[in-house]
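Engineer: If you look up TrEMBL, you'll see 1-24 marked as signal peptide. Here TrEMBL flags 24-172, 185-325 as domain 'FAS1'. The feature region 'Disordered' is assigned by TrEMBL to 337-390. Per TrEMBL, compositional bias 'Basic residues' is recorded for 353-365. Positions annotated as compositional bias 'Low complexity' by TrEMBL: 366-378. Look at TrEMBL and you will find 379-390 tagged as compositional bias 'Acidic residues'.
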Amino acid sequence: MMGQKQHVVLLIFSAFLLFQTSNAHNITRLLAKHPSLSTFNHYLTLTHLAPEINRRTTITVLALDNAAMSSLLDKNPSIYTIKNILSLHVLLDYFGAKKLHQIRNGTALAATMFQATGVAPGVSGFVNITDFKGGKVGFGAEDNGGSLNSFFVKSVEELPYNISVIQISKALPSVVAEAPTPGPSELNITGIMSAHGCKVFADTLLANPEAMGTYEDNVNGGLTVFCPMDDPFKAFLPKYKNLTASKKASFLEFFGVPVYQSLSMLKSNNGLMNTLATDGASKFDFTVQNEGEEVTLKTRVNTVKITGTLIDEQPVAIYTIDKVLLPKELFKAALSPAPAPAPEEAADSPKGSKSKTKSKSKTKSKAAPTPDSDSPAESPDDDPADQVADDDNAAMCFGAERLAVVGLSFLLVFFLL
């Protein structure tokens, strides 16, 4: 009897391990087994689309063979235009060979990774899939006048309902995806911010050559910016003007991260994040936390929420935030006093507690200021709830699905015993 129970426990544990690994896939390894798709595989890596594909589940890659890629490259598109074109070939849904021939009503419209970037206007980031009579399946970009001039060739790799790699006959033509795309060094990041509700922050950044130079130096290598909207930053300006020159530069650099972080990356990663202002002991970091579709940034002073995406094209991403995020190196948490207890309850009132955070940070060549007596003591935000630090929440958390599997496993073992 005991041996039978151990066997059941082993089966449960094996199932849990299978669940842990079932969502993992690596597009470059899958394609490496097919030499005829080597050029396509190379450009997925070169454009940094491969990591994005690997982070997603329920996805379909419309692969192009070397001949089809050669026709595409003959037009001499920039690497950034190639990225847009190839991202149109990544569907955000699972289509195995069997499903392609079982499409309801014979046609389906699938969103793509190009659509998810926010760059594609209207329906230009969607792909039409039509199952013709005789087993022929056609594909076409929705902004191509309804023309379906690329066809299903074969199924390359399938991990059911996780990732499907399908070869199609030629690249999907799209005027929007094929349009010339400026390189990151040509991007006017302050212009993008100014045009989308972050003009006060952008103007302040432009007025500070030291901070602006730091942003420009990081554009090509990877840059993520979290810009406060106009109203909260305008209300904060009086406190900003009280900072010393060096602290103004560090404060503005605090809103930039020296690596590219797509929104999907931010939604899947919790933890500390260094900034352009990080320099040894002067950490100038914050904690990224996510719950469902909501992503928040948190310091020991306050918490802000990401409210929109201005641009999300590697190597640059710019997001809007609803309030001004305050670094603990320059500001102190303005804790609101607790209400006085009634006389008969005073003896039983609980004492407040403080939390401490230990973190590691990357080094940066320029020195950043340390907090001192002339640092502003209060935050511009009026919401006391945002002023309380709770660094315990920075711990990495398991996904709900995995916790459910663990819980069910232990419950089953309990009943068997």
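Keep in mind that glycine also has a Cβ here, set from the backbone N, Cα and C atoms.
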Engineer: Could you count the residues of the domain 'FAS1' (24-172) that DSSP puts in helix, in strand and in coil?
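Structural biologist: So the domain 'FAS1' (24-172) is made up of 53 helix, 40 strand, 56 coil.
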Engineer: Using DSSP, what is the helix/strand/coil residue split across the domain 'FAS1' (185-325)?
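Structural biologist: Per DSSP, the residues of the domain 'FAS1' (185-325) fall into 53 helix, 41 strand, 47 coil.
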Engineer: For the domain 'FAS1' (24-172), what is the mean per-residue pLDDT, to the nearest integer?
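Structural biologist: Across the domain 'FAS1' (24-172), the average pLDDT comes out at 91.
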